[in-house]
Amino acid sequence: MSSGGGSVASLWTEVNRCGQNGDFTRALKAVNKILHEVKEDVTALHCKIVCLVQNCSFKEALNVMNTYSKHPNLLPRSLLLFFTRMTVSDLLNQLNSQDEYEEERKTNLSAVVAAMSTWEKASPDDLGLSETTYELSYNAACTLIGRGQLTEALNKLQEAEELCRVFFSEDSDITEEDVESELAVIHSQMAYIMQLQGRTEEALQLYNQVIKLKPSDVGLLAVTANNIITINKDQNVFDSKKKVKLTNADGVEYKLAKKQLQAIEFNKALLAMYTNQADQCRKLTSGLQSQNPGHPRPVLIQVAQLCREKQHSKAIELLQRFSDQHPDSASGIKLTMAQLYLTQGHVTKACDILRSIEDFKHKQGMISALVSMYSHEEDIDSAIDVFSQAIQYYQSEQPGSSVHLALVREAADFKLKYGRKKEAISDLEQLWKQNTNDIHTLAQLISAYSLVDQDKAKSLSKHLPSPESMSFNVDVDELENSHGANYVRKKAAKVTGENPPKEQGQGDVKKKKKKKKKGKLPKNYDPTANPDPERWLPMRERTYYRGRKKGKKKEQVGKGTQGATSGAASDLDASKTASSPPTSPRPGSAQASASTSAPAASNVVPPRQQKPATAGPGARKKAPQKKKKGSKSGW
């Protein structure tokens, strides 16, 4: 016995040393040896549960707790936080005792209340828990989120952040990184509220800050990564594929609630669809459908995948099968089915599906959609039947309400629009009885009775106001010139200068319209010949263009004085005339004296005394000057 006692004491020493060092695996082995020696040792049981929780062996810890459920007062805080996710708040109410764990029990109790508000949409009674710690403030904010009070929840989270900073500021050993790590869960919840409020950019920034901190809580990382994926949707798929790995960490299934895990799996299936992994998407949705047979979301994801593959008929069959098997949760399924019918152009089938949804059958939006679709198909009788059923429903449920009277008015106007005046009489009578001062409705009623019962129309016409009471002193010119008039008659502009003012009674002089001049045709136009189809193209781009011949115009270039042509150039070349003396002899020479005293031997005229010769057939004509104004020829 003494040896056993000494052995147990040494084992307790080992447990204490391993616990201080954080080596819970070796501590668990020592605790198991103690329980083998002393099976009813409550302290050893307590230590074993703590070691299992610290090692994330939650299932085994739960089994131990269920086995030794006679001592719930000794459960540690971490186990209580886990255990409250598996049970209701009655257990924690039984633990309301005064000891050193009182504050932790209040924290866990507030966590249970927050979970019930968020996941079960329940509103538990106020337990009177004071929010003196940042954990209590955080749980109170989660409760407000479950109730939909997002602004109040965000303010409560800011209070929790301040309390957390104040709490850790008193400890000099805590670094700023430790504080930010502790605040990560608060910041992630703030980002979630911003996401619900539509402030996605701010939410995404906060989420990424939490991811960069790399907190040790795998549940926090999984939820934060999942929310980033929901913001990305079908965009930034590469980032989503990296974030989805954080949701697969070990121990996540023990840190999150069932609905959280379910939402993560749904998003994995959607991400597989967005990344064109059809087989993976079908595999995930099949597993989700087997785990949640009555949930419509796995079926909707499968339908979306089939639609991406252009298999609309299979998608409709899948929706119809689920609707028949689960009629209680078939409202969203039928809406999707109607949408698919509309995309295929089957409007009447879509209307039949919509009218079979009892939850939305008499909603104003549904009535408007049905009437619009039946009108598009020119099925006026079915549209009137929709109005009649809706009016009958509100007549029995909410008679005389604004919705009821609005439907009666719309039905009457619809019948009058399509010439169904006889059918509109009952609706118009009901509206006029509600308000006998409504002259517009009375006029419509008289017009409808004039086709059925003229005596009734005459008797109702007595209720119309007299013409004297309906006449108004209206200035027509002022009315037309008012800002609200659709058409304003323009006044003649004031003329300054030579035009005298018009006399009274003189009408406006109409301006003469300028007649368009017909285009002039070319002189060589032949009306019998077909016009050149390439006449609008430049000459170089026409098929019959052969280019210019080289050297054709070299001889035509004039080399004489300005104004001379190529035709006279050869006549002016003295070298080509054999008997002609030089036209400019050197002074003092014999030839010079002979030329001045005797007539010239030839009839050559000096260049300055020549007249310009007429251009030959090969010379270019001077282009005529373009007119400043004139009509273009059509050819």
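Yeah, the Cβs are placed from backbone N, Cα and C, and that goes for glycine too.
According to TrEMBL, the compositional bias 'Basic residues' annotation covers 510-521 (among others).
What TrEMBL records for 532-544 is compositional bias 'Basic and acidic residues'.
For 575-602, the entry in TrEMBL reads compositional bias 'Low complexity'.
Feature annotation from TrEMBL assigns compositional bias 'Basic residues' to 619-635 (among others).
Residues or ranges marked as domain 'Signal recognition particle SRP72 subunit RNA-binding' by TrEMBL: 489-547.
Annotation comment: TrEMBL describes 490-635 as region 'Disordered'.
Same-chain residues lying 6 or more positions outside the repeat 'TPR' (184-217) and placing a CB less than 8 Å from one of its CB atoms are 134, 138, 141-142, 145, 150, 153-154, 157-158, 160-161, 164, 177, 223-225, 227-228, 230-231, 243, 246, 255. Per TrEMBL, repeat 'TPR' is recorded for 184-217.
Helix, strand and coil content of the compositional bias 'Basic and acidic residues' (532-544), in residues and according to DSSP, is 3 helix, 0 strand, 10 coil. Summarising model confidence by region, the repeat 'TPR' (184-217) averages a pLDDT of 94.
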